[in-house]
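These notes concern the structure reproduced below.
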Amino acid sequence: MGKTTAEKIFASHLVDEPFSGTKVLRLDVVMCHEITTPIAIADLMARGKDRVFDPTKIKAVIDHVTPSKDSKTATQAKMLRDWARRHAIKDFFDVGHNGVCHALFPEKGYIRPGYTVIMGDSHTCTHGAFGAFAAGVGTTDLEVGILKGVCAFREPKSIRINLNGTLPKGVYAKDVILYVIGQLGVNGATDRVMEFRGPVVDAMTMESRMTLCNMAIEAGGTSGICMPDMVTVEYLWPFIENEYPSKEAALAEFSTWRSDDDAVYERVLDFDVSVLEPIVTFGYKPDQVKPISEIAGSPVDQVYLGSCTNGRLEDLRIAARILKGKKIAPSVRGILSPATPKIYKDAMAEGLIDIFMEAGFCVTNPTCGACLGMSNGVLAEGEVCASTTNRNFMGRMGKGGMVHLMSPATSAATAIEGVIADPRKYL
């Protein structure tokens with residue numbers, strides 16, 4: 001019987017199986033940021049275990065509130081900064097070099113097919129786009145990962161999600177994943193690996209695949225996974241070209257991590273994306289979604305473009321194409337947060353930042369701040385934000401605020417009209 005990608009990764013990284021169905025895995029990468037890691041650091045220090053298993057396998061960044069907005073966030077940042085220096089963690093990114101973790105670390109080439117990756121952040125599932133097993137963990141698991149380089153997981157069960165057809169005009173990876181979450185529900189993939197397959201995924205860029213995998217957690221998934229292919233090789237080639245004689249050789253190795261044709265899945269779901277419209281959330285759960293035709297015209301106060309879901313260069317290009325030569329509605333605040341310094345620089349070089357600023361957007365440094373209502377775009381009570389982020393929980397972007405999740409294209413059209421708007425008329 002064949003194996004899924006997740007099963008192959010578990011088998012190759014297995015260290016121990018202390019209980020039936022529980023597997024302890026060796027970790028390839030442990031990621032850290034300043035919101036959750038200081039709690040783990042403090043506990044390890046209190047226990048007299050201020051050590052790291054391998055400083056070369058730890059990647060750390062200050063990204064959620066940066067630069068620090070007050071004494072509390074400055075203290076959190078300092079704790080991570082001091083810890084990284086104390087343990088000679090080379091891959092630490094401080095103010096001026098930092099970006100949103102789930103965009104920055106792939107951009108640096110840190111994730112490879114077949115890797116095991118953890119972080120004290122639920123959207124760690126993003127990195128499954130590379131054919132890795134990547135999962136968010138709690139403080140205790142993060143501590144063990146930092147100290148010993150292992151983590152315990154339940155036996156993986158995978159749901160295969162076949163995305164068939166062709167993406168219509170104005171429909172993007174964000175619309176697809178919102179639709180899938182709407183079909184599954186927020187608990188529909190709990191403790192499962194969501195394996196994204198089919199011609200639609202095959203045709204996607206790595207950026208779009210990361211958008212898909214990023215929101216696996218919104219359906220309860222432990223991780224999202226895409227099959228490594230030549231798209232993966234091309235993305236990683238600048239980092240691996242000295243390791244392989246050719247791209248074909250890299251592809252041959254990467255392909256060993258692909259699910260076998262006779263792999264067994266808990267469920268197999270088929271979706272035809274050809275019939276999709278742009279999708280928007282309407283309530284306080286990510287599975288509360290509507291096609292644009294049923295929600296267009298709803299007013300918003302703010303439009304936010306950015307985050308680990310949609311703050312990449314591809315996303316900025318999509319939005320800028322719609323915004324070029326136009327102004328955002330006077331009733332709306334537009335905020336753009338490019339996800340990394342490189343994305344910011346590349347967007348500047350392409351003239352995208354000029355387009356956003358001329359349209360009336362405020363452009364911030366790379367940060368997660370607005371997404372979780374901590375800085376650079378917090379909502380007031382009663383305000384509504386059209387956002388390219390991944391969570392629309394009550395108060396997520398500010399106490400008493402409401403969030404409509406949507407694609408960069410839909411958010412750009414919404415900014416122009418001041419109400420939720422169909423981007424297809426601008427394409």
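Cβ coordinates come from backbone N, Cα and C, glycine included.
According to Swiss-Prot, the feature [4Fe-4S] cluster binding site maps to CYS308, CYS368, CYS371. DSSP assigns CYS368 ([4Fe-4S] cluster binding site) to coil, not to a helix or a strand. Around the Cβ of CYS368 ([4Fe-4S] cluster binding site), the number of neighbouring Cβ atoms within 10 Å comes to 28.
Cβ atoms within 8 Å of the centroid of the Cβ atoms of CYS308, CYS368, CYS371 (the [4Fe-4S] cluster site) belong to the same-chain residues ASP63, HIS64, VAL100, HIS102, HIS123, GLY306, SER307, THR309, GLY311, THR367, GLY369, ALA370, LEU372, THR389, ASN390, site residues excluded.
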